[in-house]
Amino acid sequence: SLPAKLINGGIAGLIGVTCVFPIDLAKTRLQNQQNGQRMYTSLSDCLIKTIRSEGYFGMYRGAAVNLTLVTPEKAIKLAANDFFRHHLSKDGKKLTLLREMLAGCGAGTCQVIVTTPMEMLKIQLQDAGRIAAQKKLMAAQAQWYSSPAAAAAEPAVETRTTATQITRELLRSKGIAGLYKGLGATLLRDVPFSIVYFPLFANLNKLGQKDPNVKAPFYVSFLSGCVAGSTAAVAVNPCDVIKTRLQSLQRGVNEDTYSGILDCTKKIWQREGPTAFFKGAYCRALVIAPLFGIAQVVYFIGIAEFLLDMLPKHRA
């Protein structure tokens with residue numbers, strides 16, 4: 001049932017995000033680094049420096065936004081894919097690869113309604129620590145060289161902002177369109193991701209089914225979700241880098257600004273080289289693999305069906 005699908009998707013999203021959010025924070029900070037003042041060299045270096053400067057909970061900056069909006073986001077994604085698969089297979093025939101890809105495309109298109117503002121707010125909060133640390137480092141370097149103007153400069157003090165403050169400011173200055181900055185780049189990432197992920201998962205999961213009418217064991221669903229998720233994540237990482245850069249409202253010292261997808265692509269290619277499009281790719285794979293593995297296990301076990309079945313018994 002639709003309520004069960006929505007509950008399953010929501011539970012899966014909450015569990016998955018809680019487990020992998022620190023890696024996602026590192027991914028955002030690594031992707032936003034441009035040539036010049038680089039704060040982090042790797043995933044482990046980013047997490048260690050974050051804990052030292054911001055404490056353990058610094059790794060969960062922006063998690064509240066994700067935990068709030070990941071439920072509708074994952075629910076829409078998983079339920080929409082099932083909806084499109086159901087309607088594309090009404091003739092009773094087995095879904096072809098093309099129809100599976102079309103179902104994934106539909107799911108990816110539907111989810112951006114929630115994904116775009118969620119990512120927009122999350123990125124501001126995740127990257128705030130990197131920008132503040134960079135400003136402090138630049139101030140310290142200026143004082144070290146003892147130039148008159150720089151010596152008087154005080155180390156930058158980070159002002160903690162909240163998702164609510166960012167939302168109010170964007171709505172006040174740009175209206176609802178402010179929350180949907182980077183919508184095109186989000187579509188460019190999420191639609192191909194779903195086109196790759198859902199057919200790949202469905203076919204991998206079928207390999208573990210002894211009977212077409214019986215669900216695959218939970219470990220098969222978990223591994224299928226991990227493999228399909230990490231493969232799709234790496235495949236669309238260039239689009240994720242572009243999306244992250246476009247949705248960042250604040251820039252570090254001497255970092256480029258972008259007017260759109262083409263301008264961003266051109267500047268990254270010319271100034272940082274083609275390898276820059278794969279910044280944070282392994283972090284993204286580490287985030288997506290367990291996230292979708294957990295999601296598919298929860299979804300296929302059917303926790304929501306169990307809870308909904310218990311309600312009438314409890315009332316009785």
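Residue numbers in this text run from 1 along the chain shown.
Cβ coordinates come from backbone N, Cα and C, glycine included.
Per TrEMBL, the feature repeat 'Solcar' maps to 4-87 (among others).
TrEMBL lists 95-207 (among others) with the feature repeat 'Solcar'.
Residues or ranges marked as repeat 'Solcar' in TrEMBL: 216-305 (among others).
Residues or ranges marked as transmembrane segment in TrEMBL: 285-308.
Residues of the repeat 'Solcar' (4-87) grouped by DSSP class, helix first, strand second and coil last, total 71 helix, 0 strand, 13 coil. Summarised as a single figure, the pLDDT of the repeat 'Solcar' (4-87) averages 84.
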